[in-house]
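Participant: Please see the structure below; I have some questions.
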Amino acid sequence: MVQYFTEKGPTYNEVIEIIKKKYGKNARVMTYKTVPHGGILGLFSKDWVEVSGYVRYDIGNQQINVEDEKRKILQSIKREENSSIEDVLKEVKSLKTELAHKKENINHPTITKIEDILRENDFSENYIKDINEFIKREFSLSDLDDYERVREDVVLYIAKTIKCSGSIIDNLKKRVFILVGPTGVGKTTTIAKLAAIYGINGESKSLNIKIITIDNYRIGAKKQIQTYGDIMGIPVRAIESFKDLKDEITDSKDFDLILVDTIGKSPKDFMKLAEMKELLNACGRDAEFHLAVSSTTKTSDVKEIFHQFSPFNYKTVIFTKVDETTCVGNLISLIYEMKKVVSYVTDGQIVPHNISVAEPLTFIRRINGYRISDDAEFIKKIKSKSYY
């Protein structure tokens, strides 16, 4: 626990002596300055020295103090054997409150180490605070000495906060998959990857897939997706109007899955987003929106993207370019704090590779400082452990 202090005196050396007597040898000076002292209405004052600093108390002492408090209250209860049940219950309640307060203020080395790792991985301060509260809620002071046990449970807790939807074909109720998102996040390549893994590399059977693009503005966009389609033997249609899109969807009843590639839009271009939403309404009730976001995007910008694309009522988020970022803590924090669900992650440009169905382990493996020795055992623990 850290205690901060400010002391004053005629000279610097005298103040230091005061600090040593009051706070002991562990006291540390942060700043000092000259301040006026005495006088009348600001006149005839003398210059004194004001010193500010802190003292860190050893965790062991904190634990001893907690045990002392237990003994004191228990002795008090014993002395008052004739007290009523209500009085005893009050004493016990007071003990719980006091011990909880002391535990809350203890900065155990295990907690400090875990907080440092989370910050290094770019987790948000709110998320770190939540982890801190989880640790203090789930572990006793003696349990905190077992760093490996606490670390393992923290990793499991983090995994529980990552909500994933599974494959889009696990429960194929909506057969029109529309991918929206800002410019340059890799929507076209992602559409091609999905077409490849479900159209020509299906595990049980390949689906009958069609690709539709409404991106007729970006130079080479139509040619790019058409090339992918030709290589895979999957039909590609370029659409420009609401009527054409509606007719194309109607004429595609024999297809199991229709993948729609859209125009990249700035989340700040509200008018363009509204126009695109109106056009895509032609896909009807069979349509399902998904949002593509680059993992390299700043946290504040990702929040903006989540918010500005909300009119599309997107079901899941696809994080692209995961291979281009060194930290995923900000992504985990965002999907937890903003209650988002992740369906896929991409980590390269190669079609049909470099895409996978998102699962908690996908993100956990990328947390620097945490290692998973047995994936199967870890997944089993995720399913069995419950913190909610």
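Note that Cβ sites are derived from N, Cα and C of the backbone, with glycine treated the same way.
This is the feature table in Swiss-Prot:
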type	residues	note
BINDING	181-188, 261-265, 320-323	GTP binding site
Participant: I want to check the contact list for LYS187 (GTP binding site): same chain, sequence separation of six or more, C-beta distance under 8 angstroms. What comes out?
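Facilitator: Once residues fewer than 6 apart are set aside, LYS187 (GTP binding site) is near LEU179, VAL180, GLY181, ASP261, THR262, GLY264, ALA292.
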Participant: So which of the binding-site residues is most packed in, judged by how many other Cβ atoms lie within 10 Å of its Cβ, out of GLY181, LYS265, VAL322?
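Facilitator: Result for the most crowded candidate: GLY181.
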Participant: Are there any residues at least 6 positions away along the chain from GLY184 (GTP binding site) with a Cβ closer than 8 Å to its Cβ? List them or say none.
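Facilitator: In sequence order, the residues whose Cβ lies under 8 Å from that of GLY184 (GTP binding site) (at least 6 apart) are GLY264, SER294.
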